[in-house]
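Annotated features in TrEMBL:
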type	residues	note
DOMAIN	B:1-109	domain 'NADH:ubiquinone oxidoreductase chain 4 N-terminal'
TRANSMEM	B:21-41	transmembrane segment
TRANSMEM	B:61-82	transmembrane segment
TRANSMEM	B:94-110	transmembrane segment
DOMAIN	B:112-400	domain 'NADH:quinone oxidoreductase/Mrp antiporter transmembrane'
TRANSMEM	B:116-133	transmembrane segment
TRANSMEM	B:145-167	transmembrane segment
TRANSMEM	B:223-244	transmembrane segment
TRANSMEM	B:256-277	transmembrane segment
TRANSMEM	B:284-303	transmembrane segment
TRANSMEM	B:309-330	transmembrane segment
TRANSMEM	B:351-373	transmembrane segment
TRANSMEM	B:393-414	transmembrane segment
TRANSMEM	B:435-458	transmembrane segment
Amino acid sequence: MAAGLLGLCSRRLLAVAATRGLPAARVRWESGSSRAVIAPSAVAGKRMPEPTVRWQEDPDPEDENLYEKNPDSHGYDKDPVVDLWNMRVVFFFGFSVVLVLGSTFIAYLPDYRCMGCLREWNGMQEWARREAERLVKYREANGLPIMESNCFDPSKIQLLEDEE
Amino acid sequence: MLKIILPTMMLVPLTWMSKPNMIWINTTTYSLLISLISLTYLNQLSDNSLNFSLTFFTDSLSAPLLVLTTWLLPLMLMASQFHLSKETLTRKKLYITMLILLQLFLIMTFSATELIMFYILFEATLVPTLVIITRWGNQTERLNAGLYFLFYTLVGSLPLLVALLYAQNSLGSLNFLMVQYWTQPLPNSWSNIFMWLACMMAFMVKMPLYGLHLWLPKAHVEAPIAGSMVLAAVLLKLGGYGMMRITTMLNPLTNFMAYPFMMLSLWGMIMTSSICLRQTDLKSLIAYSSVSHMALVIVAILIQSPWSYMGATALMIAHGLTSSMLFCLANSNYERTHSRTMILARGLQTLLPLMAAWWLLAGLTNLALPPTINLIGELFVVMATFSWSNITILLMGVNITITALYSLYMLISTQRGKYTDHIKNIKPSYTRENALMALHLLPLLLLSLNPKVVLGFIY
């Protein structure tokens with residue numbers, strides 16, 4: 001009798017919960033009295049059955065969403081600390097060390113084509129251009145002619161004596 | 001040379017003995033440092049080579065390729081981190097070991113003096129690549145792809161072994177630096193023609209030449225991201241590098257022997273570009289675009305003129321970076337939608353605008369936008385082929401147009417338009433992916449400021 005009353009109370013509670021829109025857990029009691037049958041309330045929130053069809057746009061259950069546990073994820077690892085350090089390592093060594101220092105190194109490489117080689121082999125072309133500009137600037141500043149028609153200084157050439 | 005070979009070898013114990021949550025950090029760090037050291041090889045003294053020892057040398061042709069190889073390893077590691085996250089620890093370490101071994105063999109291949117050592121390492125690079133494709137590829141077709149890849153390359157390169165042994169017998173040594181001074185002009189005879197074919201077919205298959213290219217779309221599509229990256233960026237260049245080295249021994253036969261291959265390449269580049277316009281599979285499109293670009297390189301190397309060699313070298317480096325970047329972009333799509341079909345994931349610009357910027361830049365470098373080195377390479381090759389034969393300009397012009405067409409097609413179908421309803425819930429771009437794209441693109445853009453580094457030994 002007490003069990004029956006309790007059952008009634010629970011059903012009423014369930015009904016109240018359902019009408020209030022509160023989530024109502026379906027509780028099935030095992031009653032001590034074998035005569036009491038406590039059935040789930042017909043009113044308690046009828047839920048639509050879970051969809052059995054998987055749509056393609058639903059996230060694949062095997063795919064882990066790195067942003068779920070760690071909204072600041074950088075995409076490297078689940079563990080936020082490892083993820084953060086991985087990001088730092090990539091940016092430091094990848095960008096700051098290799099790209100910056102590396103491109104500085106390459107920019108300052110010497111004029112590597114044939115240092116001191118002949119003009120036909122395009123030897124030291126950039127150096128030659130800079131040297132020419134420097135000499136022109138010097139000669140113009142000092143009023144000297146830019147170029148002389150003599151390649152070598154004529155006073156320094158020693159000609160052989162005429163021999164018969 | 002040991003200063004990058006020994007550290008690369010030591011990356012293997014580093015992977016196996018690191019703590020489980022540190023393997024990626026450690027390997028990425030040290031591989032970036034190795035690539036920093038490899039930049040010192042760009043300090044080429046003259047148009048001779050830097051000779052490190054009897055076994056290793058670098059010159060202005062192999063130094064940029066070495067830098068590309070060492071730069072690619074950290075990028076491959078970053079790209080693979082996500083899809084390997086669910087594997088067991090041993091499998092992850094095995095994968096990284098395969099990548100490191102591949103890098104090691106590639107470094108030694110590009111710097112080998114002795115041509116037999118070059119050959120052995122050239123073949124050795126097949127093994128880790130095959131393991132990566134067949135073990136970690138995603139679809140069942142990967143087995144077929146691995147078979148095609150392995151056997152095409154092996155059948156092509158076995159005659160090369162015979163030819164090299166014959167050359168060793170007749171010349172006494174195959175030390176490349178000496179061979180280039182000892183070679184006599186080859187008289188025109190049937191056996192010399194077969195020797196020419198034997199030497200070149202290995203590299204033709206590797207490039208690949210248009211008629212022998214069937215392995216490439218399969219291998220590139222079925223490989224996981226790191227496999228695709230290394231295949232497109234470096235392994236194809238092995239063919240170009242080998243051809244440039246071996247043609248010094250084969251004059252003057254190349255003058256007439258090259259014609260069939262020139263015809264195949266000139267026609268093939270237009271064919272493969274056109275195939276790109278009809279692809280539905282994104283990775284397949286990028287794979288065929290690789291064939292098209294490499295056909296240009298084959299044409300350039302077979303013409304053997306100074307400008308074409310400069311164009312070929314520039315194009316190899318440029319294509320390495322661009323193609324690898326495109327594969328990374330395709331992989332970022334694949335990780336979200338698990339499909340390579342282009343139209344399945346369209347309108348991405350609205351959902352992932354920063355990634356759209358990388359897509360745009362990658363597409364632009366692919367279509368050889370000035371002033372990138374892609375353009376410098378293509379332009380030099382076009383000019384050299386024009387001076388070789390005036391009518392090739394028509395074919396080259398058509399190829400450049402179709403290249404632009406399919407690059408834009410790829411851009412528009414993945415980025416523009418209204419997005420499909422089923423991709424609304426894709427995850428935003430990770431920092432890792434953005435860093436990966438930047439690390440691909442920045443060297444490419446920096447090289448447009450200083451292209452003389454990649455213009456090879458004729459410059």
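Placement of Cβ uses the backbone N, Cα and C atoms for every residue, glycine included.
What TrEMBL says about a protein is an automatic prediction, not a curated fact.
Bear in mind that the values here come from a model prediction, so they are computed numbers and not experimental data.
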Checklist entry - At an 8 Å Cβ cut-off, counting only pairs 6 or more apart in sequence, do the transmembrane segment (B:94-110) and the transmembrane segment (B:223-244) clear the bar of 3 or more pairs? => result yes
Checklist outcome for this item: Same-chain residues at least 6 beyond the ends of the transmembrane segment (B:393-414) with CB under 8 Å of its CB atoms are 266-267, 269-270, 273-274, 276-277, 282, 285-286, 289, 292, 296, 333, 342-343, 345-346, 348, 359-360, 363-364, 366-368, 378, 381-382, 385-386
Checklist entry - Can you name the far-off residues of the same chain, 6+ from the ends of the transmembrane segment (B:145-167), with a Cβ under 8 Å from a Cβ of it? => result 115-116, 119, 122-123, 126, 129-130, 133-134, 137, 174, 179, 195, 197-199, 201-206, 208, 212, 214-215, 218-219, 221-223, 249
Checklist outcome for this item: The answer for the transmembrane segment (B:61-82), taking Cβ pairs under 8 Å and residues 6+ beyond its ends, is 4, 8, 24, 27-28, 31-32, 34-35, 37-39, 41-42, 44, 50, 95-96, 99-100, 103, 106-107, 110-111, 224-226, 229-230, 233-234, 237, 241, 244, 313, 316-317, 320-321, 324, 328, 331, 335, 430, 432, 435-436, 439-440, 443, 453-454, 456-457
Item to check | Feature contact check the transmembrane segment (B:256-277) with the transmembrane segment (B:309-330), CB under 8 Å, 3 or more pairs | outcome: no
Checklist outcome for this item: Lying 6 or more residues past either end of the transmembrane segment (B:116-133) yet within Cβ distance under 8 Å of it, the residues of that chain are 55, 95, 98-99, 101-102, 105-106, 108-109, 142, 145-146, 149-150, 153-154, 157, 160-161, 164-165, 168, 174, 176, 202, 219, 222-224, 226-227, 230-231, 235, 238, 242, 245
Item to check | Beyond the flanks of the transmembrane segment (B:435-458) by 6 or more, those residues with Cβ under 8 Å of it | outcome: 42, 47, 49, 59-61, 64, 71, 74-75, 78-79, 306, 309-310, 312-314, 317-318, 321-322, 324-325, 328-329, 355, 358, 361-362, 365, 371-374, 376
Item to check | Overall pLDDT for the domain 'NADH:ubiquinone oxidoreductase chain 4 N-terminal' (B:1-109), taken as the rounded mean | outcome: 93
Checklist outcome for this item: Among B:21-41, B:256-277, B:284-303, B:351-373, the most Cβ pairs under 8 Å with the transmembrane segment (B:223-244) come from B:284-303
